[in-house]
Amino acid sequence: MTSKKPTPMMKQWHQCKEQAGESLLLFRMGDFYEAFYDDAVLLSQNLDINLTQRQGIPMSGIPVSTVNGYIDRLVSKGFKVAIAEQIEEAQNNKGKSEPLARELQRFVTPGTLLSSSLLPEKANNYIVSIYRVGSLFGFSCLDFSTGAFLLNEYDNMKDLIDEICRLAPTEILSCDKFYKKHFEIVEQIQQHLKLTLSTYSDWAFEHQFATQKLSSHFNVSSLDGFGLKGLVPAINAAGALLSYLQDKLLLPVEHISVPKTHGNQKHLLIDTASQVNLELLTPIHDPQGKSSLLHVMERTCTPMGGRLLRNTLVNPFYDQKEILLRQDAVEFLLNRSELRKNLRSFLSQVRDLERLTTKITTALAGPKDIGMLRDSLNASMHICEILSPLPLPEFFHGKFTLGLGLASLLELLSKALFGELPLRISDGNIFSDDHHPDLKRLRYTRENSKEWLWQYQDAIRTQTGVKKLKVCYSQVLGYYIEVSSDLAPLLPKDFIRRQSRLHAERFTTEKLQEFQDDMLNVSDKLQTLETQLFKDLCAQILEQRDAILSLSQVIADTDYILSLADLAAEYGYCRPIVDTSDSLSITGGMHPVAQTLLDRGTFIPNDIKMHSARTRMILITGPNMAGKSTYIRQIALLIIMAQMGSFIPARSAHIGMIDKIFTRIGAGDNLSKGMSTFMVEMAETANILHNATDRSLIVLDEVGRGTSTYDGLAIAQSVVEYLLFTEGKKAKTLFATHYKELTDLENHCPHVENFHAGVRENGGHPVFLYEILKGHSQKSFGIHVAKLAGFPLCVISRAQQILRQLEGPETTSKQTQEKVQQLTLF
């Protein structure tokens, strides 16, 4: 930095920069936000804008009118942005030697977006706070754009990481002490998520401070009433998060909801590996592609409905009543196609009620936002009017009276506002003329001043009988009425004399003075009036804030159910029986994603029938590409859909609720952690063995393949035996394997059944049937797969020769067998 004495304006900048810390500071100067020193260099490099100098100080700037787009670009690159505003109008600073007053007013970080193109419409944007006390990890997350505030505690790192990955935050907050001691947590999370790390003071995570912060914000003397008694680490994380937003980032927090415990006792748990392996939200090999379960199920019309669908997909229910309530509601709409069409029409007109309410609460809403709220309430009212008279299933009971209760607010907004509204209050033309008596007069004055003067002149000529009276204007007097001196006595007594001339007299009236005042300040008066009216209207809206948020949840629920009903109607899904039994029976089941990617009717359906008293484990053998992996994933996906309350692609199904789903399906090398593919495989399998229960579903694909044949086989068989015979671990297990030796377990254990992916040979070449059939496979057809993969023909020929030798009775070399089998078990 320069050694010259800073100017008064740069002193302001230094004060703001000290407060901004590591954030990139945008400093308002007239019509631009300027950056100085290192911030200017960063701004120039990352936004491709000019870097200049003033008095040796590097500087660059962006226009106020387009600042939001530039901020989005900075945040998308991982920057935190601090914004210093002018808090004094230029006209109020005339004659003063000091610069305009400025202060740091807000920060923008990835986890605190509100008005941004980066904010995902149908996904939450969470910031997460984590802390540890003793053996417990405290966890709190908040969606600043909706105000949703959740917290929980975990007794192990794995569950904490899984929950954070499930929520997919864009920013994580903790203190230096935690990061130094537990940075492996962040490293593991960063393998799955792109996020920003933020640090806050250690003292903010202390229990006394955190408790006081939360109690003060929610105006309570104790947090016990929120169900938080004894949750010390979670309270510490939540209090620090609230303080970080309010005290560090200077953000409004009035809209933040009462914190809720984010428990998993009534949800089907899906760990991070399974969420990825099953491609619930994002395809593994094509992140922008269409082969995720979310993409297939996504039929929602509203942002709130989309977020609810996404959240339920990774947190299905483990509560029979909740599942049945939604199934009944889906069936109700499924049988009423015209009703679905009408609902879809109105739902598509509903904007993001949650985020609109947040913008109004935080005083960041503009006229267009209020217009979107009005239109959304109008569409929601139609939805309530359509559904409330119908014989609705229990899920919908009592929901649609909420919308009708907002009729008076909708009427107010409809009468108060113009149809088309501007982005900014300063653009004007927000309120209709009838909303306030001064609006019509001021607008008329502004737009029809000359006509008004002619009409007024005619009116007072008629009133006084003085036909030669004139209305004139001068820089000194402003507007005045002039008559010849001999006619002045004819004017009414309420005419106010302004000036006497040699042969004329000049007057004014209260009405003309009012017109003059209006004309001289009409634009300012209009803006001031509409600004105040806008604030008043927002205050009236916020009186109904809770009702609007309740309506938002009703709309989300309706949209969610409609989405599932539309999906079921489009593909002819069946309603599964979901209960507390131990059954897993699906007839004619199809992979919900693969089914949509193939021509209709070409996907081969398959069955499954499991019950702990009979079959707890199915071993599936057969060649690669024959459908084993698709089948085992399919079963897991159908269970997830069923426990969301959705219908599923099958002819019939009876599913006893599953409490946890675990998958061990492939793995990429984790070189940054020094973990090989095999180590990842073993770590994931260990997690399954430790955490599975009798009511879990385990999907295993080729466990043990990453080491020597005998080591792998030994591990695989040991895993199988552990899951079959260990009390509390007797989960339903689907195990796809090339180890034919495992299939012998069927002869020794009544709870194991062998199945295989069907193949028919035609002229020595396999034809994959994509059917899962009883019994084990006789051949792997690995060389055929290598041929399909494009191996040179000489390599294929040599492999066939070696295979014939190995399959012959003369081959007894254990070493040769082990090496070659390892190669063919891909």
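Using N, Cα and C of the backbone, Cβ positions are placed for all residues, glycine too.
Residues annotated as ATP binding site in Swiss-Prot: G622, P623, N624, M625, A626, G627, K628, S629. Counting Cβ atoms from all protein chains shown, K628 (ATP binding site) has 26 others lying within 10 Å of its own Cβ. A helical conformation is recorded for K628 (ATP binding site) in the three-state DSSP classification.
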Exercise for the section: Within 10 Å of the Cβ of G627 (ATP binding site), how many other Cβ atoms can you find? Include all protein chains, please. Expected result: 25
Handout entry: Protein Cβ atoms within 10 Å of P623 (ATP binding site), excluding its own
Key = 20
Problem - For the ATP site built from G622, P623, N624, M625, A626, G627, K628, S629, further residues of that chain with CB within 8 A of the site's CB center - result: A736, A757, F768
Practice task
Please compare the binding-site residues M625, A626 by how many other CB atoms fall within 10 Å of each one's CB, and tell me which has the fewest.
Solution key: M625
Practice task
Check the binding-site residues G622, N624, S629 for other C-beta atoms within 10 angstroms of each C-beta and report the one with the most.
Solution key: G622
